[in-house]
Amino acid sequence: MHILKDSLSITVSSGDGGAGCVSFLRERFNTKGGPDGGDGGRGGDVIFKVKANLKSLSLYKNGQRLAANNGKPGMGSRKSGASGEDLVIFVPPNTCIYDVATGSMLFELQNFDDEVIALKGGRGGLGNVHFKSSTKRTPRFAQPGESGATLNLRLELSLIADIGLVGFPNAGKSSLISTITASKSRVANYPFTTRFPHLGVLKASYNDLVIADVPGLIEGASQGIGLGFEFLRHISKTKILVFLIDVASDNFMSAYDILVNELSAYDIGLSSKKRIIVANKLDLEGAIENFNQLKRALVGERVLGISIYDNTGINELVSELFALSRI
């Protein structure tokens, strides 16, 4: 499949080191003891880690600022401050991390066990116990903690969609992907609203599925008519196809045949992929009758009816997509 890109920019900061402590030993029988100030704790690191079941960057928002915790200051009795908690940023496999300032790629995380420290936390300052000498028996100073660092980063994810939405222009693909995911595709009542692949993520507690709404298919796409080659290349490596058919239109029966024929003409493997036939616009006049006719004609196919207008069948469709992804 032509690789689709998802990207966002974030600002990350590692934690400051805690300050060293100025303290002197004070005991019942030793009121003028020596220095015993402990060291400050280390600031938290910024760590990027691949999480196996993530399929998108949707855990984060574009422009979000994220920071590790600062180290705690040192204490008396030579006690060191606690280290700051690391900031762990979970990303999907195939995520590249770029420095916004230079445009250079800093890290590439490809595999499920990949992990990288992007920024080290600041070192904790030394307590005054370290500065005692023969000439300075009561040092009344300690080191401040080292400051953490900040980076403006761009995360870029190479995506191969799990599900491809297949349908004629205005079949309702953009509206469907907006309904079943958090995505908002541009919707208008004319052909080729979707000029470029548009991605959404179906989220569940155990898995995410990436769904691609790509430019509408028309007859002759396999010969390059319309956005043909571009469209077919985008869906060639998806695991599941959703054939979206407008059953309120006059040509609903021929739409299925054209979709199958165009996919087969481009790549014989496309027409044999796991698929669901989804009859859309059941809320419109005559659509229910056409839907029943379509089901009778397509014995052996998974055929579901939906209405994006009133959400009829949407939950059933989402459940079926997750079920198919596990087969």
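Numbers here mean position along the shown chain, with the first residue as 1.
For all residues, glycine too, the Cβ spot is worked out from N, Cα and C.
Summarising the annotation, Swiss-Prot assigns domain 'Obg' to 2-160. As a whole-number mean, the pLDDT of the domain 'Obg' (2-160) in this prediction is 91.
Annotation source Swiss-Prot lists domain 'OBG-type G' at 161-326.
Taken residue by residue with DSSP, S307 (GTP binding site) is part of a strand. Non-local neighbourhood of S307 (GTP binding site): N280, K281, L282, D283, G313, each in the same chain, at least six residues away, with C-beta under 8 Å from its C-beta. Here Swiss-Prot flags 167-174, 192-196, 213-216, 280-283, 307-309 as GTP binding site.
Swiss-Prot lists S174, T194 with the feature Mg(2+) binding site, giving sequence analysis as the kind of evidence. When other Cβ atoms within 10 Å of the Cβ of S174 (Mg(2+) binding site) are tallied across all protein chains shown, the result is 23. Under the three-state DSSP scheme, S174 (Mg(2+) binding site) falls in the helix class.
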Test of understanding: give the count of other CB atoms lying within 10 angstroms of the CB of G167 (GTP binding site).
22
Using DSSP, would you call G167 (GTP binding site) helix, strand or coil?
strand
For K281 (GTP binding site), just count the other CB atoms lying within 10 A of its CB, please.
25
Do you know which of the binding-site residues N170, K173 has the most other C-beta atoms within 10 angstroms of its C-beta?
K173
